[in-house]
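Participant: Here it is, the structure, as structure tokens.
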Amino acid sequence: MVNIKEKLFVYLHDPPDKALKIENHEERSKKILSSGNIQYSRTDKVKQADALSSKTQRFIIRTKENKEPVIDFLGRSSGKYFHVGYPVFIHPISTEIKRYETLEKYIDLGRSNRGERFVNEFLERVSKLEGDVLKEVFEDASNKFKGEESKQWAYIWQFYPVKLKEGVKEFAKSELKLKEEEAEKFAEEFVNLPADTRFPDHAIWTHLDLTSALSVKDPTLLRIKIVPVQPFIANSRKQLDLWASSHLLSMLMYKALEVIVDKFGPEHVIYPSLRDQPFFLKFYLGENIGDEILVANLPNKALAIVSGKEAEKIEEEIKKRIRDFLLQLYREAVDWAVENGVVKVDRSEKDSMLKEAYLKIVREYFTVSITWVSLSEKEDIYQVTENAGLSDEDVKKWLKFAEKKENSRVLERIAIYPLLVKILDSLGERKVTEERFEKSEQLKGWKCHVCGENLAIFGDMYDHDNLKSLWLDEEPLCPMCLIKRYYPVWIRSKTGQKIRFESVVDVALLYKNWRKIFDEKYGKDLVSKAREVSEDFVKDNMLVDSDLYYSSTWESGLSKKLKNKKEIDEEKVKEVVDFLNAAYKEIGNPPKYYAILVMDGDDMGKVISGEVLGEISTRIHPNIRDYVEIPEAKYYSTPQVHVAISQALANFSIREVRSVVKDEGLLIYAGGDDVLAILPVDKALEVAYKIRKEFGKSFENGSLLPGWKLSAGILIVHYKHPLYDALEKARDLLNNKAKNVPGKDTLAIGLLKRSGSYYISLVGWELIRVFYNSELRKKLLEEKGGVGKRFIYHVLREVDTWPKVGIDEMLKFEVIRHIRGRNKEETKELREKIYGEIKDLLEHVRGNNEVEKVRGLFTFLKIITDAEVFP
């Protein structure tokens with residue numbers, strides 16, 4: 001378990017302010033640690049970790065008069081260092097350079113007024129502040145988690161940067177007399193200083209995390225993967241099942257990572273980053289984070305650094321913790337199902353639901369595959385990459401430089417970290433296959449009515465008719481699907497939170513605020529009339545199901561909603577139908593379509609490895625490039641960069657995605673670069689575009705964002721279409737349509753009509769912005785001047801017959817054919833404008849030739865007009 005004082009002197013071997021002044025930075029660490037009564041010591045642990053870390057950042061400093069070039073805020077040469085510039089931060093993916101403008105401005109001003117001693121005086125005050133904050137956080141952790149050193153350390157790790165930022169901001173306002181906004185920027189820059197000012201692609205906290213993680217005996221990279229994912233999620237009949245599936249998978253990964261955190265600390269988790277992670281904050285540190293906990297945001301794969309001698313024990317403990325959690329969840333689900341009439345058996349018969357055949361399904365459903373490889377063992381780096389089939393010309397150039405720096409080709413494995421991750425992935429996938437192959441057969445019997453995969457509870461004991469009669473809605477469930485149904489209840493009991501939209505109908509009715517408008521005018525009357533038909537239709541003065549807003553539901557299918565089968569008054573039902581139809585005439589028919597949005601970062605595996613990140617020279621501070629030997633080779637990633645990217649993805653998924661979706665729909669999953677959301681049709685494109693925009697940013701208020709490309713699939717589908725098939729089609733749009741476009745960064749949008757007609761268009765993200773601001777959009781929505789469905793229909797019907805060399809002329813002909821203004825002059829102007837806009841839009845449509853692009857654009861326009869996507 002964690003020794004908190006040992007953790008701190010390893011972790012704070014460098015001060016958070018290191019980049020302010022490189023010289024004597026270790027002395028500042030001593031002062032900070034002394035505030036917590038911890039003695040600074042550069043032990044073998046620290047030396048080992050620092051040495052391993054340096055293996056991954058390989059360039060050779062050229063000396064100048066036996067001095068080293070230095071980049072810090074001291075602003076002058078001193079001792080063995082000669083100053084070449086102020087620090088910057090280089091984004092680990094986009095390589096965008098960010099300056100520390102507020103710090104520069106303040107330090108320049110102070111130096112000009114008070115001379116060189118100003119920086120040293122400033123550092124004295126800052127070091128004291130860092131020590132005071134550490135002492136405060138240390139005491140808070142000790143008081144909150146008495147005798148629990150693992151949790152004490154986790155609390156310090158999480159909140160020291162947070163509290164330090166708050167302290168620096170107050171310091172900037174009170175001591176430096178900065179205004180609120182400038183003080184906020186000052187603090188943001190201070191807590192995001194680079195770890196290495198020469199190679200500034202990761203922050204100081206990333207370096208401190210990695211050094212602490214590498215300080216264990218025989219540091220070993222461990223990979224965790226939980227499967228199945230898509231089949232488990234896809235086997236969802238209801239939106240609530242879908243949410244429960246995704247959230248439960250995140251909970252299982254949290255349980256796995258909990259073992260790592262207990263034993264070593266949260267900084268040992270490389271991916272996903274646990275800093276600010278809602279599951280970590282809520283379930284490990286007991287923080288009150290509100291409904292943030294309702295978003296599934298932990299992936300099914302993780303990487304961590306552990307001690308090699310502990311790896312086997314960790315594997316056993318992770319598997320046991322997940323297994324025990326699922327079994328306990330199932331036992332609670334059985335109690336809930338019996339008590340709430342989900343399954344109609346006496347309490348005395350409940351034990352039969354806990355027999356071994358059903359428990360075995362729970363134990364064996366998920367495969368938790370864990371593999372590991374030592375980072376510190378030495379091997380011939382050429383041989384390792386050759387054996388793994390990963391050696392190409394770019395890799396060989398990169399290895400050659402590593403060999404030159406260390407004067408040996410036999411190096412610690414961490415030197416080839418990105419290739420090691422690939423090797424570990426390959427080993428892990430092989431192990432997954434082997435372990436899933438070993439699963440035993442289930443008893444013969446009737447299958448679950450939701451997943452169709454597992455034996456239904458009592459499916460081996462009753463004939464089909466009697467089996468159905470035991471279950472609510474005649475829907476027999478297997479142990480895993482029963483867990484899904486119970487899981488929202490369990491989460492609410494642990495967090496006090498409940499998801500807002502339980503069905504796709506809830507989301508569909510958000511379209512143009514239809515439900516809000518209806519409820520304000522007719523809601524009370526509808527509830528009253530529904531209660532007259534049956535009390536089963538009303539609970540807490542609300543309709544029990546949102547599909548009761550549709551007159552078609554009242555005309556057929558009411559019996560399924562009755563708890564007790566009984567005759568209903570058809571006249572009363574007719575009154576409800578007539579009431580609804582009258583309301584529709586006033587405010588319009590209720591929306592029947594909703595959108596599924598799935599998104600995924602492009603080539604993220606290659607981003608993590610560094611294969612698509614350009615040359616090494618792009619990672620080095622511009623002012624120091626004349627003083628270092630830079631290999632002419634691709635930049636291959638480092639553990640530091642992996643941690644930095646992990647944090648950027650966490651910032652994106654935890655903060656930005658949630659902020660964009662807000663109350664627009666239901667955010668099911670936002671983990672790393674993946675997003676799954678259910679949205680009303682009129683918000684789907686807007687939300688998708690905003691999320692892509694956030695993903696493409698490198699920085700937001702000082703915090704890292706991915707700064708990369710993202711592709712998406714949007715399926716617009718009728719609320720009665722089977723959810724599992726809609727999910728499959730949405731993922732097909734992403735994985736087999738958008739992701740197959742060269743260069744990607746593509747949106748594949750599809751409209752699946754109730755009739756079965758299916759329309760698909762592939763476009764670039766900028767098309768959404770261009771179209772939204774176009775005259776064409778206005779005319780399509782107004783349906784004036786002939787610009788409408790007729791125009792779209794004629795182009796789509798005839799485009800495949802157009803001559804390949806006459807596309808522009810045919811487009812002009814169709815515009816002239818369909819566009820009319822109020823007079824000759826307006827008609828001419830309108831035709832020219834719309835033709836020009838169509839040409840602009842075609843620049844953002846994916847296709848192999850002009851005909852494909854025209855078809856793609858007009859299919860997009862058909863989807864827009866038919867589904868009324870834009871408000």
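Glycine is no exception: its Cβ is also placed from the backbone N, Cα and C atoms.
Remember, it's a predicted structure, so these values are computed and weren't measured experimentally.
Per Swiss-Prot, Mn(2+) 1 binding site is recorded for H13, D14. The Mn(2+) 2 binding site annotation in Swiss-Prot covers D14, H25. The Zn(2+) binding site annotation in Swiss-Prot covers C448, C451, C478, C481, and the record cites experimental evidence as its basis. Residues or ranges marked as domain 'GGDEF' by Swiss-Prot on the basis of sequence analysis: 592-752. Look at Swiss-Prot and you will find D600, D673, D674 tagged as Mn(2+) 3 binding site, backed by experimental evidence. The annotation Mn(2+) 4 binding site is assigned in Swiss-Prot to E656, E694, E700 on the grounds of experimental evidence.
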Participant: Give the mean pLDDT for the domain 'GGDEF' (592-752) on the 0 to 100 scale.
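Facilitator: 93, rounded to a whole number.
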Participant: Other than D600, D673, D674 themselves, what residues in this chain have Cβ atoms within 8 Å of the centroid of the Mn(2+) 3 site's Cβ atoms?
Facilitator: M599, G601, M604, G671, G672, V675, L710
Participant: Other residues with Cβ within 8 Å of the Cβ centroid of C448, C451, C478, C481 at the Zn(2+) site?
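Facilitator: Neighbours found: N235, K447, H449, V450, G452, E453, N454, A456, L477, P479, M480, L482.
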Participant: For the binding-site residues H13, H25, work out the Cβ neighbour count at 10 Å and name the residue with the minimum.
Facilitator: H25
Participant: Which of the three DSSP-derived classes (helix, strand, coil) applies to C451 (Zn(2+) binding site)?
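Facilitator: Where C451 (Zn(2+) binding site) sits, the three-state DSSP reduction gives coil.
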Participant: Expressed to the nearest Å, what is the distance separating E700 (Mn(2+) 4 binding site) and C451 (Zn(2+) binding site) at their Cα atoms?
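Facilitator: Counting only the Cα atoms, the answer is 42 Å.
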Participant: Using C-alpha atoms, which one of the binding-site residues H13, D14, E656, D673, D674 comes nearest to C478 (Zn(2+) binding site)?
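Facilitator: Closest candidate to C478 (Zn(2+) binding site), judged by Cα separation, is D674.
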Participant: Where E694 (Mn(2+) 4 binding site) and C451 (Zn(2+) binding site) are concerned, what is their Cα separation in Å, rounded?
Facilitator: 36
Participant: According to DSSP, which of helix, strand or coil covers C478 (Zn(2+) binding site)?
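Facilitator: Once the DSSP labels are grouped into three classes, C478 (Zn(2+) binding site) ends up as coil.
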Participant: From the Cα of H13 (Mn(2+) 1 binding site) across to the Cα of D674 (Mn(2+) 3 binding site), what is the distance in angstrom?
Facilitator: 35
Participant: Should E656 (Mn(2+) 4 binding site) be counted as helix, strand, or coil on the basis of DSSP?
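Facilitator: Note: E656 (Mn(2+) 4 binding site) is helical by DSSP.
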Participant: Check the DSSP secondary structure of E694 (Mn(2+) 4 binding site), expressed as helix, strand or coil.
Facilitator: helix
Participant: Which one is it, among the binding-site residues C448, C451, C481, that lies nearest to H13 (Mn(2+) 1 binding site) by Cα separation?
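Facilitator: Comparing Cα positions, the candidate nearest H13 (Mn(2+) 1 binding site) turns out to be C481.
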Participant: Applying the rule Cβ within 8 Å of the centroid of the Cβ atoms of E656, E694, E700, what extra residues of the same chain belong around the Mn(2+) 4 site?
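Facilitator: Those within range, site residues removed, are N651, F652, R655, V657, S659, V660, F695, K697, L705.
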Participant: Count the Cβ atoms, other than its own, that fall within 10 Å of the Cβ of D673 (Mn(2+) 3 binding site), considering every protein chain shown.
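Facilitator: Other Cβ atoms within 10 Å of D673 (Mn(2+) 3 binding site): 22.
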Participant: So, in DSSP terms, is D674 (Mn(2+) 3 binding site) helix, strand, or coil?
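Facilitator: Assignment for D674 (Mn(2+) 3 binding site) reads strand.
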Participant: Can you tell me which of the binding-site residues H25, C451, C481, E656 is spatially closest to D600 (Mn(2+) 3 binding site)? Compare CA atoms only.
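Facilitator: Among H25, C451, C481, E656, E656.
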